[in-house]
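Asks: Structure incoming, see below.
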């Protein structure tokens, strides 16, 4: 091999990387001295199915009891929605792992949407929660279960509560406990963690209180024009005979549940569809719920007439599915410097390499693309919902196990077995995808390591063992995370596998991102297992990003070519086979009524002390002669529909509002009603028509700009914009306090012509 030489720029970048890595490791080691301090949530293991002895009648445990009619074959149904936004400033956005992509405002709020279903006698119940976050972390789930146990005892627990993330890449990070994710988050934010936990628990509490007899209807259909496969080369590695059974290299099927009470009043919807919520690209800095969130926004606004976004009784969840290799950027990958296609095995351009290869959405910009894709999903869900007539009936069931995914023996047949591996990330993990490329010009499809990066890793983190290298083949290991335990383990060993059934529907809770074909194989295997034990014609749903995050799960064949998704399949080439084996066991246990005989498995850790964000909390300051909320740039006297009304205020750090929630919105747009001489709120910061930008200055100074993108539907009249914030104040030798304030723009007129 020829000796590699480096340019001056490369040498400087390498030196900078080494110094940054050394500083990071030193800080982590210093701040994580208590790396051995863990706590197991002992109370979370109680099986809840059939558990009514300590609760009495479960349907009256904190609920408003509704009489159950005779010969009732449906379910008691409760729905709830609560804000779980967290910080919208001074925190990384979770998903792209892009340094510098921190939150600087808000486009939409993030919500937790909960659905509780119980059998008529209250003996069995299940809970499904879809949350507008990147993924559910193990720490988040354990804390939610702990608080539910404190309030409800054994009613809700690890067996019957599924927490699923929508996978928006525009939500705050900082709620993880494993070191890889802590580093990606640039620290742990207890402020955001508490906000999320509180919102999730509140949504479940609301659903619990709102339970009433009702019916659930199911409908399936295909969605066109909303997705492409972003790793088609990987997909083509699957057997031709298998691929021939499907008309597309993405899962186009949408599954919709329609919920209503016995009077026909609509309660809610759950939809599962496979697409990455990455219409908002990695240049975005506004917290939002992306395309799936926009679909939910449209559906809830349609059903909750007269309510502001985030309010009203109807709840619509658009949940994630097997989206691992599925992109909403349907115009496909092109070289941004030349315009030519880069839809090749390495997603690389002749000039500029992989960093020039990007996929784009159908809109004029990322905001427009988000709305276009979201509306396609919404419209199809609306059609399926309207025609849903097949009622779900039958028992509710749930099964759960904790599994050490680093040591699962997978039986390929009666005589041959293989094993899963300790976690590791491959070279192509660092390359990113066509939805967001990585750093240092790593390339997808890399199957051979690089001596420079291998040496640098060995010097900083130690060498990966021969065992992990052999187990993970053909993955060239960039980070042997399963062998790194300081300051805490870098990846989880103990993983949740979970399934709930609602009559003839089985919901599999997947702790990561299944690719298209992985999802198809799991669904088919679980359906066949149910049929073997007498439960014919089961509909099996893949619910993604559930309970704990473990990156991606590709097929064995896709793993061999090591594109991004395969390099991120952390438990090795047989990960999918292991999950299929484990979920088949859950299906068998449910079908044969032997869930009680399942091993609960080893309990995961809960680390008490984690590194905090390195961004300090500083006192807010206003310019001399100004105070917080003063208008710096006023609104114009008149706007036409289609224009943007904009006001800039003396601002404060928005993260204060995640700590002291006196105000539930950063802004309102209000219309003057002459007949009542009052101002009526027409938009808040959960509206897609508003944007809140925060501009951070020096020494605690900042500005806040509020935009209202005036829709064509806006009524002519007099309007104003209001700003709500919190400032951090600290007197000498006294603890900091957070104080609310509000401000109002001058009135302006909106005209139609």
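Every residue, even glycine, has its Cβ placed from backbone N, Cα and C.
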Asks: For which of the residue intervals 19-42, 43-66 does TrEMBL record region 'Disordered'?
Replies: 43-66
Asks: How far is it from residue 552 (Zn(2+) binding site) to residue 327 (active site, nucleophile), counting Cα to Cα, in Å?
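Replies: A Cα-Cα distance of 15 Å.
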Asks: Within 10 Å of the Cβ of residue 513 (Zn(2+) binding site), how many other Cβ atoms can be counted across all chains shown?
Replies: 29
Asks: Considering Cα atoms only, can you say which of 167, 276, 513 is the nearest neighbour of residue 327 (active site, nucleophile) among these binding-site residues?
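Replies: Result: the closest of the binding-site residues to residue 327 (active site, nucleophile) is 276.
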Asks: Give the number of CB atoms, excluding that of residue 167 (Zn(2+) binding site) itself, located within 10 Å of its CB.
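Replies: I get 27 for this one.
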Asks: For the Zn(2+) site (167, 276, 513, 552), what does the 8 A shell look like? I mean other same-chain residues with CB within 8 A of the CB centroid.
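Replies: Going along the sequence, the neighbours appear as 320, 323, 324, 326, 512, 544, 545.
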